[in-house]
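To start, I am sharing the structure in question, which I have written as structure tokens.
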2 protein chains.
Amino acid sequence: MKRRDLLRGTGLAAVAAGLAACGAREGGSAGTASDVRLSWKMVTSWPANLPGLGTGAALLGEMITRASGGRLRVRVYGAGELVPAFEVFDAVSRGTAEMGHTASYYWKGKAAAAPFFCAIPFGFNAQEMNGWLYEGGGLALWRELYAQFGLVPFPAGNTGVQMAGWFNRELRSLADLRGLKMRIPGLGGEVMAKVGATPVNLPGAEIFTALQSGAIDACEWVGPYNDLAFGLHRVAKFYYYPGWQEPGPTLECMVNKTAFEALPDDLKHIVETCCRAVNDAMLAEYTARNQQALDQLVREHNVQLRRLPDDVIAALRRASEETLEAMAAADPFVRRVYDSQRAFRAQAQAWHAISEEAYYAARR
Amino acid sequence: MKRRDLLRGTGLAAVAAGLAACGAREGGSAGTASDVRLSWKMVTSWPANLPGLGTGAALLGEMITRASGGRLRVRVYGAGELVPAFEVFDAVSRGTAEMGHTASYYWKGKAAAAPFFCAIPFGFNAQEMNGWLYEGGGLALWRELYAQFGLVPFPAGNTGVQMAGWFNRELRSLADLRGLKMRIPGLGGEVMAKVGATPVNLPGAEIFTALQSGAIDACEWVGPYNDLAFGLHRVAKFYYYPGWQEPGPTLECMVNKTAFEALPDDLKHIVETCCRAVNDAMLAEYTARNQQALDQLVREHNVQLRRLPDDVIAALRRASEETLEAMAAADPFVRRVYDSQRAFRAQAQAWHAISEEAYYAARR
């Protein structure tokens, strides 16, 4: 039987060699990549396939699945399908889902600094936000903040400058904001409270009913492309700009830290690269679709398009500075984030004054 | 010997099974991915590691290599290392290199429509360019144009609004442009010729010497971040804005069509996704670095920062429209591209007037 054992041995050795070889061919930094075959859940704060936000999340899942050759398959769930819109943070932190697509300004109850990584009133537009996050130290601060929750955040989309929102009556001056019940989340809500309004936070899907029932008098959602999809023009006629509260909100992809760190290097890079590609893709979609939707709102639905009165803009800007300063004074991490943003904003604002702004003026 | 054969057979069958298994595990759309092990050359029109452009090309090569787990290794060559700056198009078309990182406005000699996919005088800024390329039909037209050269183009970077350029004397009015010899490529050069200047095209690396020797009186390169790196302030003192000629130039990654189509699906997706990620990354880098460089130019090097005189801006805008119209009248493909851009620009301009522009004004 010796010879047979020897031969069988040869056979098994060859099998081992074969398997080793395919690991090697797969190669690179991820020696174990060929053994990986994962299915991940992505929970989101958006209705499934909502234009822009929902389709952006869907695109991210598709990109990761394709770029990984199916080794990391991502299934995307709309708000409420697996967990409610505002439970995405806990679900991914716990590991109920490996990843989520949402916005960090929903999590100010978890960490006071969280909203600063999404949108800052009178802060960065999309281009400036990306500059700060990737080249100005913003992403490092975000990673540091989320690490304590077992989360790894990635910028994964931007809507560009939003609209100031929908109001069921005309705003003639600052006085008209007093006592106004408005759906406005994040830091914008804090600022609205400071000028006398009553901010309310609701998931997108609940805005229409709240405005229709009179539970709220006004709301901000995103911009024409998304607001038309929600039919907000059917429950409010006055549509105000510009979106001082969200001049360039970053959407976030959050990944459970344990799940992320268990990935081979190539899949880590694929997740990170796909998030960055979606960060580019979503802004392009909003840039292309907003005006088409706005035309429809104004021409077909007789929406009244208005610029916020000057005294309202001035009061909101003042209240924004006071609100952000007070938050920074109350929380050392907010202080670090806010100081980092102010330093970068001074620079970006000076550059954009002679580049983007001067160009818009020259083109007119 | 029968039994031994049988056993050896088992061994070989097991080897085959092992190899088949790793193909399957690799799985997804790219069944053959585990067999792929490629090394690609990326030739560029930039000095190796030039801030922004060169580092963007390097980042792209690195991202593809990492995301592919080393199955597609990309080696990046600076201008002149493998082929000169302006031979990138031919080199990738021939297959001397599998890919290139450059700008389509260097190729107007190959196809009159090529420059329209990089920068259009008084045209799109970066955000609008991405909107048109990805959501307004631009990329499809670009792919159609390049297919006849055996090339597949991908947007892979944007500098944002550039500067109008460096001049060795002050511009007081339009008359000062007459007879001026200026390095300015692409459509901006055509427009300059129309207002009486003499456009010259030179690779970036040759600008300094040409300006120093007096072979040219003026130049545009990119913006503060790149211009400081080239030391252009040492050979010209007047620095003008805004960059009407390149309000949001898209850099291109071109891939040899045969090489691209030979890739398994997952590597195709990785190349495309990494280009899109670099498209996001490069703009963030310029947004963060330009003002730092401008501060240094103005404070340390006493550069004279000036806005173009109104009559110069008005004349250049008029000349731009005439130039683009004439090109469209002379070439049916340019007509299609230009009409597509004009339709998109009317929309994007209207939207950005109440979003980006209105926000910049409210923040001031």
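Cβ from N, Cα, C; glycine included.
Remember, TrEMBL labels are computer predictions, not curated facts.
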For the substrate site that TrEMBL lists with B:Gln162, B:Arg183, B:Glu246, give the additional residue from the candidates B:Glu128, B:Glu135, B:Glu220, B:Glu285.
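Same substrate site in TrEMBL: B:Glu220.
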Return only the integer: C-alpha distance in Å from B:Glu246 (substrate binding site) to B:Trp221 (Na(+) binding site).
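B:Trp221 (Na(+) binding site) has its Cα 10 Å from the Cα of B:Glu246 (substrate binding site).
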Highest CB neighbour count within 10 A among the binding-site residues B:Glu220, B:Glu246?
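Answer returned by the neighbour count: B:Glu246.
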Specify the count of other C-beta atoms within 10 Å of the C-beta of B:Gln162 (substrate binding site).
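The Cβ of B:Gln162 (substrate binding site) has 28 Cβ neighbours within 10 Å.
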If you draw a 10 Å sphere on the Cβ of B:Trp221 (Na(+) binding site), how many other Cβ atoms land inside?
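Excluding its own Cβ, B:Trp221 (Na(+) binding site) sees 20 Cβ atoms within 10 Å.
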Report the same-chain neighbours of B:Arg183 (substrate binding site): residues 6+ apart in sequence with Cβ closer than 8 Å to its Cβ, ordered by sequence.
B:Pro199, B:Val200, B:Asn201, B:Leu202, B:Ile207, B:Ala210, B:Leu211, B:Ile216, B:Ala218, B:Cys219, B:Glu220, B:Trp221
